[in-house]
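Visitor: From TrEMBL, for reference:
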type    : residues                       : note
BINDING : 65, 66, 67, 68, 69, 70, 71, 72 : ATP binding site
Ligand code: ADP
């Protein structure tokens, strides 16, 4: 069996100029990065803003296993299959981070015969967006410490600084650091630390900003820390946001590439799915809707987190109206939800499946709460047996939900034709009545409770004393009327990763509430949330190589 990289290297890519032309872009509206990648000017918006939008399809999943369940693969495969049906379709995905790429997961550009290409470039430095975000963020950090060193006119309390530095690498040794050591001339010593770049608020902002003006305003609202009398200090007060926006002038433009079958794809922005909203940029999604009749996009983690944030944060801010949801389920993950050990997932186990299906049932119920019609896609793995597949398909039918067996990983578009047909039919026959889950003007407690009870199935929410004091402070500062971005384990509907299936009789514990004032949401932290991952004992990087001819291996 060929590896993802081998399949990607055999792709017959079209020149990016041709891909751009096919979706109606003019030569002056793209900037080429080599022959197979391009950035698209945001000026296109002026030309297309009155054109009706295409249909918006969100791909999400049940609670996953640690390997990922194939959301990106299904997104790409569905886009390819829609093209195969002669539909004018596009894909919008997140751009990968080097941290997980070099760490556990390897590349993040789909898999098998459903990938975006050039896969190596997309997974490595691509068009430099992550570099630009890292630099913009670290400029703010540098200006902050310089301000304190040069007299601290803003009266910033160095013990109340909330902005860390960032790097696009899994680097546990940098989680907690001390800076400014070495004497008077080296700055003011204080405790600091690093987050991974995709956890930067700058990334979340880039993904939510409509244009440069909006970007600059949002960057200006980033809270870097608090004064000695507990007042927030912002990037605008440090006069950093103009230069930050300048550093992001190209990063804000969506990147255009193609799939293995030449379907056009935007790969743009990649905020963390825990402390941020985990979706590609609003600009890419909105442009994609103008340039195609069907735009397939994806949200990180399972539907309880990813889809909820896609709806309640991204769609709310960008006024997007999703037309359909594709809910990806795998037999492997359903068996895991039924209690099967990770090592035993390749063995047939109908009993476990019967128990584990409860996770799919709850996620279906949740999607229905947002009023968007859905199709379940069973992402077929080579180890699935016919009896297992039929069981899941029959269950979906019993629930009255459209279902399709998707084999896009092994067969590309051919393996997704049934799914594509069912998605088109669903959109044509079932109008979407999309609505967000809660009113953002409600109290923080009410908003968190709505998500925990309605979506996770929790009995209630316990706020620790720290969270309660955060809420008081945020209310006092008038920073409480924003949507909630839940930071929770992706492996369970609850905040306990070991509670699989559809857990009952649990409370969610919120231990802290942070504000991302520039992005425009409040982050409710449950459990242990990692903003700087570490590398495993044998990192994926240890398998990667390049030869004299520039041929890359080991990148999955
Ligand atoms: P997600 O987007 O849910 O994290 P991905 O689409 O990135 O998941 O897939 C995760 C990994 O699983 C990739 O390496 C991909 O090649 C592999 N994969 C996805 N679907 C299948 C499948 N049906 N059979 C075998 N491997 C698959």
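Quick reminder: no glycine exception, Cβ is built from N, Cα and C everywhere.
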Visitor: Please identify which of 66, 70 has the densest Cβ environment, defined as other Cβ atoms within 10 Å, among these binding-site residues.
Guide: 70
Visitor: Hey, of the binding-site residues listed (65, 72), which one tops the CB count within 10 A?
Guide: 72
Visitor: Near ligand 1, which of the binding-site residues 65, 66, 69, 70, 71, 72 have CB less than 6 Å from any of its atoms?
Guide: 69, 70, 71, 72
Visitor: For residue 71 (ATP binding site), just count the other CB atoms lying within 10 A of its CB, please.
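Guide: 27, counting other Cβ atoms within 10 Å of residue 71 (ATP binding site).
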Visitor: Taking the Cβ of residue 69 (ATP binding site) as reference, which residues of that chain separated by at least 6 in sequence fall under 8 Å from it?
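Guide: In sequence order, 61, 62, 328, 329, 330, 332, 333, 379 meet the Cβ cut-off.
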